[in-house]
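Okay, structure first, notes after.
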């Protein structure tokens, strides 16, 4: 037997231990049902395998009465284990804990630490105040298990307050117990995993659910050429032969190749309504099933019938593990639904210009054992269009997408829909995203908030408490972006260098609606920048190009071309996006002071460096008019679009932080030990100043 065979056996045994531990430590989740029928999950427990081999398992749950979070770590070592919480995945400024069971005494140890302030400043530093309480610890010949807890907010400037945001959870495994005074984090294995600590997670437990079947849907030999920066590929598939209605209970990604090198950015599986257009040939669908697929959203290559593939049933984005639904909900398939065909859409992002061949897709888990409710997925947010504009050089700039009464009053049932979960989606510039909820002129608690959004880690936000959205309510997807190092405006679009602002909402009961979007009306978008007319194109033509993806050449035979200076340097992929932009083809005729400029050139000359100007533009887009769209499953656009103003409402105010000390966690001068005096002195000084101001006012 070779050394490789022995290593493989060892790894297999370790992974089997980990999976067995996972299966045996899943606590049945209790729940309450309120007067509105919403489910509130309680006593939930999360269990995550932190590495790919099952060497490190992290289990946790929240005790709301104590305002505490409990952890249990099971690690394949008799040495130390490290755990840390970070906003960006770096050791610097991370909130960390080192733990071990003493080999000599059997005593469990948990040490509260923090990362150095600079990446090159050495090992972790011990906190002055220890805020982690060890509860239990033991080890055998191979494994160490430690249980401990901490407050969600500790009021220690060197700890990070935990929240519903996406955290980068650091982990490390060491072969030996730490030597006194040596807090070196660099163990034999270490890594980072993005987690949402406040979200329960549902799983497919093979011991308790019978009759689960799987349906694998993948593309076949899709070639991503070196020259392709962005590719959207669509493939039609047919539903398997089923005996009546079934319920999809969850789905997982099937990714070809090593994950780190994979170019798949996101995937969506859509239902198709095969009889939606008059003149459609039903036999064409079976021909498309046998084909390899084609480029999506192409006027030349994509069949018009594929526009009917609009209702999502599975959504995956970079960093996600997929989703399993709670036990009372399932997405229907087969039976009387009339849906026989589905479309798999895959977005390939290839910034490094590598050639690859892909076979990715979904594994759908379904069962004939129907659940209580039919569930669905709908998309809400900003309609993907170049009328979404993010100026360059911005630390924080917001865009909003509105789903208003034109959809909710018409499509939602009397008792509303109940939101189970949501996946927030933007591209590289996205920094924070929230799904806001407005009813009767008052903003309610946000449904989902992620103030540490990372487009590389787009996990499902599973709600511990389902949210009821009633007819007449507003859903607002609110995104903020950072473009500090960009020199030109960023627009809405399909490339990761362009932007999106979307929420994929999983809910029940299922309704015949696939999407609810808004955008700045086209005419108002141009008038915002004092542009009123283009050569040989009236504004109606321009609106049609934006709203219906019409080809510019259909309207531009007499259009005047602007004189653009040739690019003498190397053309980047961003340059290509700008050159192909519709905004770069529209040449201004009115007003005269801007004539013969392309609209894109006009935007590049605006004073984006002026914060007052940029803030006015941001507020004008947010609080101005919005064109809303309600996409209904049974028709391509059966509810007319509507132009509305941003709703007036009393905004939700986030409760103040319990601890002022957290305001100083990013201070470059903050140090352990003597720095506590500096922190306390500064807080006291601020308090005295505030009291002095109050006295003056009195």
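The backbone N, Cα and C atoms fix where each Cβ goes, and this holds for glycine too.
Swiss-Prot names 265, 266 as Cu cation A ligands; from the candidate set 247, 328, 347, the record adds 347 to that same site. Of the residues 411, 500, Swiss-Prot places 500 in the same Cu cation B site as 425, 427.
The CA atom of residue 232 (active site) is located 5 Å away from the CA atom of residue 347 (Cu cation A binding site).
Take the Cα of residue 36 (N-linked glycosylation site) and measure to each of the recorded positions 265, 347, 425, 427: the nearest one is 425. Around the Cβ of residue 347 (Cu cation A binding site), a 10 Å sphere holds 20 further Cβ atoms from the protein chains shown. There are 23 other Cβ atoms within 10 Å of the Cβ belonging to residue 265 (Cu cation A binding site). With respect to their backbone Cα atoms, residue 538 (N-linked glycosylation site) and residue 403 (disulfide bond) stand 29 Å from each other. Among the listed recorded positions, namely 425, 427, the Cβ with the most fellow Cβ atoms inside 10 Å is that of 425. Annotation note: residue 347 (Cu cation A binding site) sits in a strand segment as assigned by DSSP.
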